[in-house]
Amino acid sequence: MSSIKIECVLRENCRCGESPVWEEASSSLVFVDIPAKKVCRWDSLSKRVQQVTLDAPVSSVALRQGGGYVATVGTKFCALNWEDHSAVALASVDEDKRNNRFNDGKVDPAGRYFAANRRSIYKLEKEEQIPDGMCIDVEGKLWVACYNGGRVIRLDPETGKRLQTVKLPVVKTTSCCFGGKDYSEMYVTCARDGMDPEGLLQQPEAGGIFKITGLGVKGIPPHPYAG
C-alpha cells in the first residue's frame with residue numbers, strides 16, 4: 001500500500017464545513033459552510049477560494065448536469081447560479097416546522113437529489129463519535145467521516161467490517177469525497193463550532209480542508225443532478 005500523506009490544503013476556518021464534491025471541469029472542490037450560509041469553491045490550481053453567501057443555512061451542494069450547482073438551503077432545494085450569486089427555489093419541504101432544515105444531501109446514480117433533515121441522528125455510543133458524510137470508492141467500499149472521531153474509516157458495506165482507518169489532526173471531521181486527477185485523492189471537511197479556545201489552540205487547522213493521498217484506491221466521479 002502506498003504511503004499515506006495528510007495535508008491541510010485550505011485553512012478556511014469553516015464553522016462547519018460539509019458536502020465536499022469534486023468538479024472535474026474546473027479542477028475545483030466545492031463545499032459548504034452550513035451555519036455561515038456559504039457555498040465555497042476552491043480552485044486546486046490557483047489555490048483561490050470563491051464564495052457565495054445565501055439567506056439560510058446551506059447544508060449540501062451538488063453539480064448540475066446542465067451546468068451550475070444545486071444546493072439544499074434551509075428547507076429548500078435551490079438552483080445556484082455561480083455567476084450572479086443567485087439561488088432559485090426548485091422545491092420546498094416542511095415549511096410549517098420551525099427550527100428545521102436539511103442536514104445533508106447527495107445525488108444518486110439516476111440523477112436524483114436526496115436530502116435528509118435534522119430530525120434523525122445516529123450515534124456510535126462505543127467510541128463517542130457520529131458517522132457523518134461518506135463516499136464510495138471504485139471497489140464499492142464505503143468511506144465514512146466520523147464526527148468527534150477525527151478520522152475517516154473504510155467499511156465493507158456487505159459485512160460491516162472496518163477495513164482501514166485514517167486519523168486526521170482535527171476531531172470534528174464531517175465529510176469526505178474523492179477528487180483530483182483520476183480521483184486518487186480524498187478531500188475531507190471538518191468543523192470548529194463547539195470547540196473551546198484550548199481545543200482551537202491544540203487544533204489550529206480545525207475548519208480547514210484536508211487532502212489525503214496514498215490511500216491505494218480511487219474514487220468515482222460525483223453524480224450530477226439531472227434536473
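Just so you know, glycine gets a Cβ as well, placed from its N, Cα and C.
Features as listed in TrEMBL:
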- 16-115: domain 'SMP-30/Gluconolactonase/LRE-like region' (DOMAIN)
- GLU18, ASP132: divalent metal cation binding site (BINDING)
- ARG101, ASN103: substrate binding site (BINDING)
- 116-191: domain 'SMP-30/Gluconolactonase/LRE-like region' (DOMAIN)
- ASP132: active site, proton donor/acceptor (ACT_SITE)
Spatial separation of GLU18 (divalent metal cation binding site) from ASN103 (substrate binding site) - C-alpha basis, Å: 10
Between ARG101 (substrate binding site) and ASP132 (divalent metal cation binding site): CA-CA distance (Å): 16
Cβ neighbours within the same chain of GLU18 (divalent metal cation binding site) - under 8 Å, at least six residues apart: PHE31, VAL32, ASP33, ILE34, SER59, SER60, ASP104, GLY133, THR174, SER175, THR189
Local confidence of the prediction over the domain 'SMP-30/Gluconolactonase/LRE-like region' (116-191), expressed as mean pLDDT: 88
Helix-strand-coil residue split for the domain 'SMP-30/Gluconolactonase/LRE-like region' (116-191), DSSP-based: 3 helix, 44 strand, 29 coil
ASP132 (divalent metal cation binding site): tally of other CB atoms within 10 A of its CB: 24
